[in-house]
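Down below is the structure, laid out as structure tokens.
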Amino acid sequence: MDVLVQLILNGIMLGSMYAIISVGLTLIFGIVRVVNFAHGEFLMVGMYAVYLLSLHLGLHPYVSAVPMVLMLFAVGALVQRFIIQPLLGADEHIQIFATVGLSTALINLALLVFGADLYSVQAPGVRQPLSIGGYTVLYAQVVMLVSALVLVAGLHLFMQRTPLGRAIRATAQNRNAAQLMGVRVDRIYVIAFGLGAACVGLASALISPLFPVTPTIGTYFVLTAFVVVVLGGMRSMYGAFLGAMIIGIVDSLSGYYIAPDLKEVVYFAIFILILIFKPTGLFGFGRGTE
Amino acid sequence: MTVRVSLSEAPPAGRLAALMAWLGNPRVYTSLAALSLILVIPIVVDSPFIVHVFVTICVFAGLSTAWNIVGGYAGQLSLGHMVFYGIGAYTTALLIQHFGLTPWLGMWVGAVVSVAVSVFIGYPCFRLRGPFFALATIAFLEVVRLLAIHFHGFTGGSAGLIVPLKLGWTWMIFQDKINYLYIAFGLLLLTLAISYAIRSSRLGYYLTAVREREEAASAAGISNTGVKLKAVMISAALTSLFGSFHAMYLTFLEPETMFSLANSVSIAMFALIGGLGTVAGPLLGTVLVVPIAELARGWLGASANGLHGFVYGVVLVLITLTLPGGLAGTFGPRVTALIDRLPGRRVPPDREAPALRRMEGTPGEPVLETRDLVMKFGGLTATDHVSITLRRGEILGVIGPNGAGKTTVFNQISGFLKPTSGTVVIYDAEGRPVTPARADEYARLGVGRTFQIVQPFGKLTVIENIMIGAFMRHTSVDDARAAALRIARLVGLLHVKDVEARNLPIGDLKRLEVARTLATEPSILLLDEVMAGQNQTDTQKMVELIRTIRDTGVTVIAIEHNMQAIMSLSDRIVVIDSGKVIAEGDPQEVVRNRRVIEAYLGEDFVDAQGL
């Protein structure tokens, strides 16, 4: 029983990490209707930047969160403006290829610049264990969970309470109608893509103390994030959050009870089954495969 | 290397003269000459490095060509295609290791396994659209890769598997690397030949139809899933063969490289750069891009790690932004036109099929019946106990206000919607009652339909659009073309036969809907507002056309808002309002029916007129 509770606790901590990445992916898909295959590479870029800031300026990764959010917002906005926007009218294939191409280019650029070596960021104190009622979590994991909750709550308030948030929701629901009401849809898309990428900027600062950065770290996380997004119904931030918790727990439990190297098999299997049998996601937040 | 292999006539087997004539076609001889360079250059240059580069070109061009059958022709963007390559490689290697089976046989065992896996993956995933299909294929690739690592006792796991080094042709392992090139080139030729054969056959047209519009494809009698499965099975088998060969060439297998996501993306990328859905595109893309990678590796060594991938990615983004048709798609037609100016080309004359015999059957007998059709969408009852009988040889008009549920009835009697309750019965050629399960089965039983909102295959020409319908009764391209030409003349589209459908005005598009449906040689024709948006002259022509069609023995049921036309045309009229049949009878009777006037003009009008 103790083991099970500890595993679930670990799962929730892991889930909060996936949640931050997946909420960003969901924002981009839900609003711009583009699946960003380069999402993981944004994370990778952020993690290298955190590493460089820590190495050269001695910045603590958590301090880097602010510049990372701003930098990734800019990266996302630029990608939307100069790559996705010209392709909005094109075949879906072409859009997929564009983000896949971007992903390939970024992975290999990192390989070219940094090589295949692992780089760890020094972050004093954050890997210390914290004891809660006999169970152990890392300080960094608690920060992650709190950040994920604050992020979702903040985005919720932003979407519901601000004029810009309303314009974004309107655009997501019906692009043409929003345009007729005077919403500048292209600008909304740039902001939405930027926000989605900014989530990854936050994630890169929080993940850096826990995982060493490599050129392919993004692929590792983003495949999981795709599973989460599909589980959550593809367009719902809240669905993505819940989906992330589920995948975190599944990851933690199957790693222990089945085999550590088969945990991905378990959630990819869930992913395929959900895609095929319940394409609206587990909680019915989404609208399926169209 | 810029030759687009698109021959228009194939050699009848065993006839020397015909073969010579085929070889005399400039498209054939320039393609073959260009292809032979892949073999000639490395033999002449005679450097191990150049041989390696060309073997790699053959393998990746072959993989990309095989991928293109699914990703290009069928439009199913698989990004996990290396799963079949890996299966081919491991099957062959393990069969040598455990059973001493020669790779010449092992590669076919691998292909069979791959085909089985492709059906297992394809069948459930084909209902997914665009990015979700791509994600599912990535997930399958990852699962297989992780399983290959996990079951290391069997596969060697991450440590890898070394192919037993037995030299000679029996074991496909050679000291002299040029032998590998012969095999790789042979496999490439096989793959190109199959890809070309598909492109220029009924299957090729069907795949395009399914890629462009699944609904219209069903209406033309095409089983969408069946056609896609054929494509993925062929593609998986070919991909697997290259995997088997490459394993013998590399002699070392590890899950990371055998089930590689990066390589899966690369082969798709080569096809896009060269031209998605063209025969020569994938080869062209590979020839342009792969040497960059191999030369970078050869000259710069490990310091250039990542350089080729970076170039790949940048090229891919640039192509999507500037040349989404790829090289062959953008420049292909111009190059082909140039090649056609070389000596030796003969264009075969257009052949038109003779008119069809009149259909058999006793006029007046029922050919289609609906029994108490009910269709509910959530709380809305779109059709409410609709029972209609269609009799052979008649023209039945269906009228009713907008939103009355007419098209919903059509969707049920052509298999596009399953009724909530009630049945549709079709009487087949022998007079037996049948209820088909899917839209394409309705079409093959002889129920042809048009769509109210036209559904052309936009990137195909008018004649090719009609051919998609004609393929239901004709297997060969020539016969389908002849039948399509006859229909084009009948409906008055002959003058635009080579125009891409997306460039047609609405009147011609409506006629194209009718033409494509007629080409399936239906015995029952469902026309959904084919006169909407037509001018007076065109409407008159359409009325005459429908009469001509009926005179060949076809039974017609038509939804129409053009009252004058439908009243003069129909033998019988059914009026539908709010999902119910409110009147039925001959046209003169129906127009005087109180309930019909009410439905169209409201109760007030009826009262005011004192009817």
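For all residues, glycine too, the Cβ spot is worked out from N, Cα and C.
According to TrEMBL, the transmembrane segment annotation covers A:12-35 (among others).
Below 8 angstroms of C-beta separation, residues 28, 32, 34, 38, 42, 45-46, 49-50, 53, 95, 98-99, 102, 189-198, 200-202, 204-206 of the same chain, each at least six residues beyond the ends of the transmembrane segment (A:65-84), sit close to that stretch. The transmembrane segment annotation in TrEMBL covers A:65-84 (among others).
Look at TrEMBL and you will find A:96-116 (among others) tagged as transmembrane segment. Within its own chain, the transmembrane segment (A:96-116) is flanked in space by residues 34-38, 40-41, 44-45, 48, 79, 83-84, 87, 214-216, 218-219, which lie at least six positions past its ends and keep a Cβ under 8 Å from the stretch.
Cβ atoms under 8 Å from those of the transmembrane segment (A:136-159) belong to residues 6, 9-10, 12-13, 16-17, 19-20, 23, 27, 62, 123, 125-130, 165-166, 168-169, 195, 199, 202, 206-207, 209-210, 237-238, 241, 244 of the same chain, restricted to positions at least 6 beyond its ends. Under the heading transmembrane segment, TrEMBL lists A:136-159 (among others).
Same-chain neighbours of the transmembrane segment (A:188-211): 17, 20-21, 23-28, 31-32, 36, 39, 42-43, 45-47, 49-51, 54, 61-62, 64-65, 68-77, 79-81, 84-85, 88, 121, 123, 126-127, 138, 140-141, 143-144, 147, 151, 155, 164, 167-168, 171-172, 178, 217, 221, counting only residues six or more beyond its ends whose CB sits under 8 Å from a CB of the stretch. Residues or ranges marked as transmembrane segment by TrEMBL: A:188-211 (among others).
Residues or ranges marked as transmembrane segment in TrEMBL: A:217-234 (among others).
What TrEMBL lists as transmembrane segment is A:241-259 (among others).
Here TrEMBL flags A:265-285 (among others) as transmembrane segment.
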Six or more residues out from either end of the transmembrane segment (A:241-259), which same-chain residues have a Cβ under 8 Å from its Cβ atoms? 3, 7-8, 10-19, 22-23, 148, 152, 224, 227-233, 266-267, 270, 281-283
